[in-house]
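Quick look at what TrEMBL lists:
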- GLY118, THR119, HIS120, GLY121, LYS122, THR123, THR124: ATP binding site (BINDING)
- 11-110: domain 'Mur ligase N-terminal catalytic' (DOMAIN)
- 116-297: domain 'Mur ligase central' (DOMAIN)
- 319-448: domain 'Mur ligase C-terminal' (DOMAIN)
Amino acid sequence: MYKIDFNNPIHIHFIGIGGISMSGFAELLHTKGFTITGSDSKESQITKHLESLGINILYGQRASNITSDIDLVVYTAAIREDNEEYQAALNNNIPTMDRALMVGQVMSNYKNSIAISGTHGKTTTTSMLSHVFLEAELDPTISVGGILKAIDGNIRIGNSDNFITEACEYTNSFLKFNPKISVILNVEADHLDFFKDINDIRNSFKAFAQRLPEDGLLILNSEINDYDFFAKDLDCKVVTYGINNPDSNYSALNIGYDELGHGYYDLSENGKIVDHIHLSLVGLHNISNSLSVIAIARELKIPLEVIKNGLLAFKGTDRRFQYKGIIGGVKIIDDYAHHPTEIEATLKAAEKYPHRELWCVFQPHTYTRTKAFLKEFAKALSLADKIVLADIYAAREPDPGDISSKDLLRELENLGKEVYYFPCFDEIENFLLLNCTNGDLLITMGAGDIVTIGEALLGK
């Protein structure tokens with residue numbers, strides 16, 4: 001297997017360099033002295049930025065882009081095997097690797113490489129930890145799956161031995177990572193278009209934990225069902241955390257919320273209350289996320305006062321309970337939640353946010369997920385006072401014809417909820433303008449393009 005070594009910079013060509021993640025790593029390797037070229041289908045702000053750094057980008061993907069001076073070709077998961085550049089690399093015996101393997105190779109160059117995994121909360125927790133490291137002036141390199149205001153983007157290139165990233169389980173991509181410190185936030189059924197069942201998913205996370213070296217560290221949520229399964233037979237140190245669980249190494253006790261729904265709690269460390277923590281985020285799930293961050297930071301000897309300041313300074317990432325604005329006295333929030341557990345956590349958090357009635361405008365994400373968790377989606381959404389459904393966002397899937405938002409509508413009606421369905425966004429926007437009233441809280445929710453509804457309302 002080809003190794004990316006910062007001490008031996010080579011020429012790397014990125015197929016699909018304009019993607020938000022690929023572009024960040026292309027920039028990182030460029031700053032480390034690598035010769036970087038890339039191709040993409042069209043020009044964008046991202047590609048313009050890379051070109052301003054001196055990176056040569058070719059528009060259109062063709063075999064002639066693969067020249068003999070290229071040492072390694074990196075490609076995204078979206079690249080098909082019949083891609084001309086990919087085939088040219090194979091035909092010319094140029095080593096290739098996908099994005100996940102490339103990230104794993106980059107991680108190997110850092111003494112403290114930290115990977116945040118879990119079914120939910122990866123981006124928020126990665127961003128939260130990044131704030132703490134920045135507050136501690138540890139100069140980390142950061143790769144996050146959302147836009148983080150503190151670094152003005154999704155990547156920060158530091159000059160220390162600290163690397164922070166999130167690790168996604170989909171297609172087992174995180175099994176190509178090489179972290180020194182790993183976090184498992186939670187493990188639930190999801191991505192059932194790839195995994196067979198929950199046991200398949202649990203085995204994947206266990207394999208991820210087993211990638212840690214003997215001098216590594218696993219930060220593990222003790223609220224995960226049978227959490228010992230993931231720690232069993234590991235050679236590395238295991239540190240646990242959990243809500244209201246003083247038996248864990250780190251726990252949150254005496255939890256409360258301020259007038260804006262922001263969480264606070266007493267921090268228990270190895271059974272002893274050591275300080276009081278106040279967050280600028282809503283929801284019990286973010287209290288749990290913060291415990292994992294505290295566990296990492298404390299194990300790395302970051303002072304508690306620095307940790308507290310970093311946590312308080314973090315006000316969230318793009319599309320995670322993000323305040324968008326107010327129209328006619330109606331506050332509009334946007335959230336990326338697209339799994340029943342995420343929806344439940346977000347709506348429970350919203351209950352503690354000042355409002356009259358709680359509206360949820362939900363766009364289901366993928367047919368597979370909607371069908372697999374139909375009743376669970378209905379139960380989670382029922383926490384809202386009124387629900388408006390959009391059509392399913394297909395993402396990577398073809399329409400199988402046996403599941404639609406109307407099925408979710410019926411499930412919610414069976415639960416006695418006030419629920420509406422509209423096939424197009426214009427109809428949803430007009431309905432909301434007529435029916436939301438002063439003091440209501442409106443949350444647009446989903447991993448697709450539902451965010452544009454709130455943005456359109458604010459523009460009217």
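Positions of Cβ are set from backbone N, Cα and C atoms, glycine also.
Automatic prediction, not curation, is the source of TrEMBL annotations.
Shown here: features listed in TrEMBL, placed on the structure.
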residue: GLY118; record: ATP binding site; Cβ within 10 Å: 22
residue: THR119; record: ATP binding site; Cβ within 10 Å: 21
residue: HIS120; record: ATP binding site; Cβ within 10 Å: 22
residue: GLY121; record: ATP binding site; Cβ within 10 Å: 25
residue: LYS122; record: ATP binding site; Cβ within 10 Å: 25
residue: THR123; record: ATP binding site; Cβ within 10 Å: 23
residue: THR124; record: ATP binding site; Cβ within 10 Å: 28
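Counting residues per DSSP class in helix, strand and coil order gives 47 helix, 32 strand, 51 coil for the domain 'Mur ligase C-terminal' (319-448).
Confidence annotation: the domain 'Mur ligase N-terminal catalytic' (11-110) carries a mean pLDDT of 94 in the model. The secondary structure of LYS122 (ATP binding site), as reduced to three states from DSSP, is helical. When DSSP labels each residue, the domain 'Mur ligase N-terminal catalytic' (11-110) comes out as 40 helix, 22 strand, 38 coil, counted as helix, strand and coil in that order. The record gives GLY118, THR119, HIS120, GLY121, LYS122, THR123, THR124 for ATP. Within 8 Å of the mean position of their Cβ atoms, the other Cβ atoms in that chain belong to ILE116, THR125, GLU166, LEU185, ASN186, ASN289.
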